[in-house]
Amino acid sequence: MDLEAAHGAAAAPGKQRRRRARESWGASLLLAYQSLGVVYGDVATSPLYVYKSAFAGDDIQHSAGNEEIYGVLSFVFWTLTLISLVKYVLIVLRADDGGEGGTFALYSLICRHVRAGLLPGGAGDELAVGGRRDARAMSRLRAMLERYRVLQRLLLLFALLGTCMVIGDGVLTPAVSVYSAVSGLELSMEHEHHKYVQLPVTCAILIGLFALQHYGTHRVGFIFAPIVCVWLLCISAIGVYNIVHWNHHVYRALSPYYMYQFLKKTQTGGWMSLGGILLCVTGSEAMYADLGHFSQSSIKIAFMSVVYPALVLAYMGQAAYISQHHSFENAYHIGFYVSVPEKLRWPVLVIAILAAVVGSQAVITGTFSIIKQCSSLSCFPGVKIVHTSSTVHGQIYIPEINWILMILCLAVTLGFRNTKHLANAQGLAVITVMLVTTCLMSLVIVLCWNKSIFLALGFLIFFGTIEVLYFSASLVKFHEGAWVPITLSFIFMIVMCVWHYGTIKKYEFDFQNKVSVNWLLNLGPSLGIVRVRGIGLIHTELVSGIPAIFSHFVTNLPAFHQVLVFLCVKSVPVPHVQPEERFLVGRIGPKEYRLYRVIVRYGYRDVQKDDIEFEKDLVSSIAEFIRSGDSHHNGVLEDTDKSCEKLSSISNGIPLWMEDGEVDASASPHKETDTQIISPNRKKARFVLPKNAQVDSEVRRELQELMDAREAGMSFILGHSYMKAKSGSSFIKRIVINFFYEFLRRNSRGPSYAATIPHASTLEVGMVYQV
């Protein structure tokens with residue numbers, strides 16, 4: 001019995017490990033199923049238009065020898081395999097920035113390992129979270145990026161180019177997907193009728209799609225995955241049927257030899273048709289951009305076990321059908337629906353439209369996410385961000401961007417009215433994003449993964465050569481629709497660059513004109529002004545020194561609160577900041593001055609709390625800093641003007657309850673000494689200190705004063721700056737600052753924290769910035 005018991009005890013840890021492994025495997029399978037509805041809707045609907053786009057125009061013609069269709073199939077297969085499977089699924093997905101993906105996440109990842117950030121409070125800032133620098137000797141490439149400002153600007157512009165093309169893809173993908181899905185009406189209706197129905201139906205679906213965005217994807221969450229699953233099952237089954245029924249030797253076209261034969265016969269026309277073939281990988285970037293919603297393993301499982309085999313069967317089935325039918329009057333009829341059995345066309349049409357809507361939804365949501373990232377890092381004007389899900393953080397809705405996307409999407413649909421030009425436009429946007437990802441990924445291999453530079457060059461040359469070939473074929477069709485993403489990206493690039501330039505100039509003005517701490521300390525404990533009850537929060541972009549807006553205020557109105565807090569809200573280039581690392585608290589001057597500096601850090605994926613929660617955490621953080629004392633700080637030590645400001649990254653060790661009505665004495669599990677003020681219908685704040693806490697009288701006095709100030713009320717002092725180019729500036733700078741930046745500032749949202757501040761407690765101080 002003892003031996004059996006001992007054996008059972010020894011086997012228990014093994015059983016627990018196997019149970020945890022099964023649970024982890026089950027969670028990955030569930031996420032993989034969910035990812036089908038969010039990530040793969042775009043790439044899954046590409047069979048609707050790839051062959052039609054490849055044979056559109058006069059580039060190539062479908063001949064009796066089938067060299068063209070076999071060559072296109074071979075290109076589609078190897079492009080899907082090398083770009084989607086090898087590059088994205090097996091390599092790029094590993095380059096996550098704290099679990100997040102996308103073009104801007106790659107830039108953020110590079111900046112956190114190299115001091116190459118140009119953004120205020122960015123990766124080069126002492127406030128950056130995570131991503132410790134490598135202790136070994138700095139590589140030559142790393143040294144060049146850190147030394148030369150022009151390389152840092154080029155890196156940022158390159159990342160913004162990819163970001164702008166992603167936004168352009170958000171305009172074009174819904175138009176292409178829905179229009180191609182609705183094009184099945186041409187085979188189910190008479191020619192005279194479908195041309196009057198197709199365009200209105202497409203526009204109606206697009207309007208409905210954008211109008212429903214404010215509900216959020218989580219409200220129809222599990223509906224999306226079954227639609228894509230049914231769609232993938234449908235196209236793979238039709239593919240198998242066509243292969244068996246029409247041409248079971250079509251698998252031979254998977255050989256790279258047919259690519260050579262295709263280019264040898266078609267030459268320039270075949271090269272130009274690559275602009276349509278590359279659409280088979282559209283949506284591959286979404287696998288990486290939506291990484292934050294799922295996990296690497298779930299995305300890999302879904303793609304390798306379901307999506308990839310279904311797409312290969314679908315493309316082979318279409319090629320098998322087309323290879324046995326040479327009676328098409330023109331290439332316009334070479335498409336997906338001709339290979340669908342006639343009895344199944346109407347059901348397949350309905351499923352295709354639903355799948356196109358799902359694919360469009362994923363791209364639109366991805367566009368919202370990347371706009372939020374850019375806005376958080378001062379590369380896009382402030383916009384209203386609505387979080388549509390309380391559980392899935394990445395699901396957001398931006399009203400302004402949503403309606404802009406809808407207007408642009410309807411404009412290109414009504415303007416082109418055919419799949420050819422829409423596909424040309426989408427192709428250039430897709431391949432540009434992929435080129436940017438390849439270049440940034442090669443830097444990640446060297447700078448972040450510390451791999452050999454030859455490995456990075458191999459990655460860049462191999463995938464870069466393939467993508468440059470497709471890029472050149474897409475760029476040639478500039479006059480046939482490819483000008484649309486270039487124009488859109490140019491407009492968005494101007495907006496981003498102007499906003500970033502203005503933000504940098506504003507930050508530099510604040511930094512150069514900040515007031516010396518010695519000036520403040522020389523005023524004495526009263527600061528030379530009347531100190532009234534309450535807490536005054538002064539918002540500033542500076543992490544050190546006193547902002548000019550404060551001296552401007554007290555010079556004109558010599559009165560201020562008994563407790564002053566200089567509050568700096570920073571967005572750092574990491575996805576999330578842990579709660580215990582969010583607040584950096586410091587003291588300015590002696591204790592009797594009651595001056596504090598609090599730096600609040602948010603990642604570009606973090607949700608900023610409402611005013612009640614924020615006030616509670618803020619005051620608790622200051623209270624914990626006071627209680628812990630100056631000898632226990634563990635954060636950043638800042639020396640400004642020969643006076644030290646001690647910044648401590650603290651945990652909220654002293655709880656602060658804020659409530660209406662009676663105080664709940666059971667809120668604390670142990671006995672406590674409360675200092676509290678109770679009055680009806682007022683918020684009450686109390687600090688809970690154990691009886692045996694070793695707290696001296698000075699600390700108690702400071703805590704009491706902080707609590708009294710909180711009870712008296714909290715006022716938010718916001719600087720309202722007006723930018724103006726100083727005299728002697730160049731003509732271009734005056735245009736950029738005085739007109740473009742000021743126009744964007746007046747028509748954009750203020751800081752996100754300002755939106756939650758009660759208007760009754762807000763005071764704006766206006767000031768002109770001569771930059």
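The backbone N, Cα and C atoms fix where each Cβ goes, and this holds for glycine too.
Database features, via TrEMBL:
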type     : residues : note
TRANSMEM : 25-49    : transmembrane segment
DOMAIN   : 31-521   : domain 'K+ potassium transporter integral membrane'
TRANSMEM : 69-90    : transmembrane segment
TRANSMEM : 154-176  : transmembrane segment
TRANSMEM : 196-215  : transmembrane segment
TRANSMEM : 222-244  : transmembrane segment
TRANSMEM : 269-289  : transmembrane segment
TRANSMEM : 301-322  : transmembrane segment
TRANSMEM : 346-371  : transmembrane segment
TRANSMEM : 396-416  : transmembrane segment
TRANSMEM : 428-447  : transmembrane segment
TRANSMEM : 454-476  : transmembrane segment
TRANSMEM : 482-502  : transmembrane segment
DOMAIN   : 534-770  : domain 'K+ potassium transporter C-terminal'
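The stretch from 25-49, 196-215, 222-244, 396-416, 454-476 with the most CB pairs below 8 A to the transmembrane segment (154-176) is 396-416. When each of 196-215, 269-289, 428-447 is scored by its Cβ pairs under 8 Å to the transmembrane segment (454-476), the top-ranked stretch turns out to be 428-447.
Per-residue pLDDT, averaged along the domain 'K+ potassium transporter C-terminal' (534-770), amounts to 67 for this model.
Same-chain residues lying 6+ beyond the ends of the transmembrane segment (69-90) with a Cβ under 8 Å from its Cβ atoms: 43, 50-51, 54-55, 60, 62, 250, 252-259, 261-263, 265-266, 270, 273-274, 277-278, 280-281, 284-285, 287-288, 299-300, 303-304, 308, 311-312, 315-316, 319, 322-323, 434, 438, 463, 466-467, 470. Here the listed stretches are 25-49, 196-215, 396-416, and the one with the most C-beta pairs under 8 angstroms to the transmembrane segment (269-289) is 25-49. Segment contact is absent for the transmembrane segment (25-49) and the transmembrane segment (396-416), given fewer than three CB pairs below 8 angstroms at sequence separation of 6 or more. Stretch with the largest number of CB pairs closer than 8 A to the transmembrane segment (346-371), among 196-215, 222-244, 396-416, 428-447: 222-244. Simply put, out of 222-244, 396-416, 428-447, 396-416 has the most Cβ pairs sitting under 8 Å from the transmembrane segment (196-215).
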